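Colleague: Annotated N-linked glycosylation site per Swiss-Prot: Asn251, Asn322, Asn532, Asn544, in sequence order. The signal peptide feature in Swiss-Prot is assigned to 1-15. Annotation comment: Swiss-Prot describes 16-568, 626-641, 698-718, 776-779 as topological domain 'Extracellular', evidence class sequence analysis. Summarising the annotation, Swiss-Prot assigns topological domain 'Cytoplasmic' to 590-604, 663-676, 740-754, 801-888 and lists sequence analysis as the type of evidence. Summarising the annotation, Swiss-Prot assigns transmembrane segment to 569-589, 605-625, 642-662, 677-697, 719-739, 755-775, 780-800.
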Amino acid sequence: MALLMTCFVIVFAASQPCQTPDDLVAAASPGHIMIGGLFAIHEKILSSEEPRKPEIQKCASFEIPTFLQTLAMIHSIEMINNSTLLSGVKLGYEIYDTCTDITVAMAAALRCVSKFNSSREIVEFKCDYSNYVPRVKAVIGAGYSEISMAVSRTLSLQLMPQVSYESTAETLSDKIQFPSFLRSVSSDFYQTKAMAHLIQKSGWIIGILTTDDDYGLNTLAVQTAANNVCIAFREALPAFRSDITIEVRINQTLERTIAEAKVNVIVVFLSQFHVFNLFSKAIERNINKIWIVSSWSTSTIATIPDVKRIGKVVGFTFRRGNVSSFQSFLQNLCVFPSDNNKPLNEHAMLSACAHAKDSDLSQCVSNCSQGTLATKDSERNFFLRTDFLWDYTELGLVHSIQLAVLALSYAIQDLQADFQPWELLAVLKNVTFMEGWSSFHFYAHGAMNTGYNIVLWREINGHMSIKMAQYDLKNDVFIVTNQETKNEHRNLKKIQSKFFKECSSGQMKKTTKSQHTCCYECVTCPENHYSNQTDTDHYLLYNNETHWAPVGSTMCFEKEMEYLDSLAILLLALSLLGILFVLAIGIIFTRNLNTPVVKSSGELMVRYVILFCHFLNFAGTGFFIREPQSFTCKTRQTLICMSFTLCISYILMKSLKILLAFSSKLQNFLKCFYKPIPIIFTCTGIVVVCTLLIFAAPAVGQNVSLPRVIIFECEEGSILAFGSMLGYAAILAFMCFICAFKGRKFPENYNEAKFITFGMLIYFIAWITFIPIYTFGKYMLVVEIIIILISNYGICCMFFPKCYVILSKQETNTKSVFLKMIYSYSPHSAGSLAMSHSNITITNRTSAGGSAVQQKSRDLQLQGFAHICRENAMCRTKALPPKRISSI
């Protein structure tokens, strides 16, 4: 066997030089409809030097796997001709050898598009090839993507269908550049997607070996990036074997592979030639890795000696079909003298020389090439040695060639008349046919819905492969058929190919600055993030409105619902204490109604209304502490605001009533506003605001902004309405503060201006502090309750001095003491009034006439002090000395 293989690849096994256009044809058979075929039957062109003449080079190094592919096309066409699919129509073929060279392939493409039945083999130039009749109607091939691209640009000029059986480059899916290109296999997009899927699920860090052309390089990069596959290194080998640096680059690649000791998985996206040389040298260096090999390389692996020493090889192969008839075809293969099949004759020649010694090998090949073998057996068929051919058959490619021939045949069946290639292309794109139990068709981008098989190259009973899974293109999943292959698939995923130990649950991978993009460190998940998987590179998401997670958590927790806090006990205690104070003040005032201190506080209704408002303010804080309900949510703010407003209004009325007696300007100013329209407008606005706050506000809501709890709280509704109520109360408080401040010089036992001023200052400070705080947070309501308590206690201060006098200084709570205070204040007040009267008299004397306004002001001033006396029950006219009364 080794001698036979040596004979197949020696330089003497070269094709004949091209003398005439017919010499370019490797195999041919006539028919009504001709199909072209492009196959790399020879590995390379013979000359490695720069060409000096525009002539087609000789080919060298006979390739058995590709030779078998040409036989697969011939067999498939014969199967169609022997069937009833194309009744009365015979398919013919012309197969060309591309020699793995673009120039030779272009020469074959030119012959395919040359004019039919033309003795000169010319390609006519036309602006419109709609009615042009070329030599062939369609082309099957080529194998290499680079060659298919070059050929497709020529065939696309006439929109001649080109169906490749092996070209998988994703670039060929571009229908703008390659409008007539189709393929009976899936594109690299799906193959690389399947590879990236397998690698990502296994968590491997990989190395990538590719060629420096379009084959898989760009698509693989896109898919690995999309699946977050970590690439430790990447090496690119020269695409063409004629490159003199290829051996050096292979050695450098293997050295890099050895240096990356922790990278145990290598993805190989190379051609058969590259894989054969790479693996052969890797076996010599005892490199043991996991090799993931693309579909182009799988047929080569079985031919590599001692390939099992290289480690595990996982191959992606084209999905296989029923090719049993082709096996029978090979077993009965023979050479007919009349056959126009140069590859078959070359195979027969090399088979005949397999027994020759090295010294006689050259002479044997020379004799065979002169046709002595054919003349010797011209009377009978020459049966070939075919016992080894099946081992070199790539079943997936054979099936792809069968599908290509079938697709063309079904498209021709739909036409069944004289047609042009572009008409065949239109039908071919939409053809659907059955092969076995499967239905096949072309996608819009030109690939067929075939898929891939994943095989593990391992020797079992003399065979070098075992199917592990099938890749489903549509659902992006691996389908495992039996338990044995499932175990193999599971064991494959257990292989370690990582730089670091995997991160535990509650951690994630974070990329570090290193020469490798895959280096990472394990970092603990921060608060409100979690990870329940090992070796993950991202945090898991959850609904942070309803759940939370601590630092380094492996799971998330549901937020607890809260509406009470231990601080509420303290606030309730302060509220109850305030209620007790109000009740105590009410009791004290009730028991001392007829004392001067109580009477000096104002009218009876005013006193009790103010105390009742304080009571409501303290009691209203309870609506903020209990569980939120619709009624409490809608009424609590309104209750507090109205209580404060009513309380401050009565205090303002009390202060303003006295102040008016001494200010004529204030009386004139208030006359402008003391009219029905302003009063009705203001009161109506207050009612509307309160109504909106009660009925238009949402009742109960949830505050989900806190990290670990959900606050069950009331929603305040319209901020504008709420602010309007607070603003109105603030305006009243400010007016009350001004009036109290202006009346601070009145008799102390009668006047409460100092304490009202103090209470209003506390009120302002508290609510001004509340504005920036009342925005957000768990303790927002706590702050509001504290502000309410502080401001309410501050206003209550106006009652504390009177209670102190009633309880502790009863000797000052007498009529005589109050009369004495009035008497001591009266000379000062009367003197001021007399001085004012004198000034008015002097002014009147110097003026031409008197002013009625000045006279009225003087009368008001005289009445002011009398009003003070009337407010006090103890102030009587008979108690005053006659001189002081007459002086006023």
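Every residue, even glycine, has its Cβ placed from backbone N, Cα and C.
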Colleague: Which residues in the same chain, at least 6 apart in sequence, have a Cβ under 8 Å from the Cβ of Asn532 (N-linked glycosylation site)?
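Modeller: Set apart from Asn532 (N-linked glycosylation site) by at least 6 residues yet with Cβ under 8 Å, we have Ser505, Leu540, Thr554, Met555.
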Colleague: Which sequence-distant residues neighbour the transmembrane segment (780-800)? Criterion: at least 6 residues beyond either end, Cβ under 8 Å.
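Modeller: Tertiary neighbours of the transmembrane segment (780-800) are 565, 567, 571, 574-575, 578, 581-582, 585, 601, 611, 614, 617-618, 620-621, 624-625, 640, 644, 647-648, 651, 713, 752, 755-756, 758-763, 766-767, 769-770, 773-774.
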Colleague: DSSP on Asn532 (N-linked glycosylation site), three-state: which is it?
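Modeller: In three-state terms, Asn532 (N-linked glycosylation site) counts as coil.
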Colleague: Show which residues of the chain containing Asn322 (N-linked glycosylation site), separated from it by at least 6 in sequence, have their CB under 8 Å from its CB.
Modeller: Gly436
Colleague: Could you give me three numbers for the topological domain 'Extracellular' (626-641), the DSSP helix, strand and coil residue counts?
Modeller: 12 helix, 0 strand, 4 coil
Colleague: Identify, in sequence order, the residues in the chain of Asn251 (N-linked glycosylation site) that are 6 or more apart from it along the sequence and have a CB within less than 8 Å of its CB; answer 'none' if there are none.
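Modeller: Once residues fewer than 6 apart are set aside, Asn251 (N-linked glycosylation site) is near Lys281.
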Colleague: Sort Asn251 (N-linked glycosylation site) into helix, strand or coil using the DSSP assignment.
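Modeller: Asn251 (N-linked glycosylation site) sits in a helix per DSSP.
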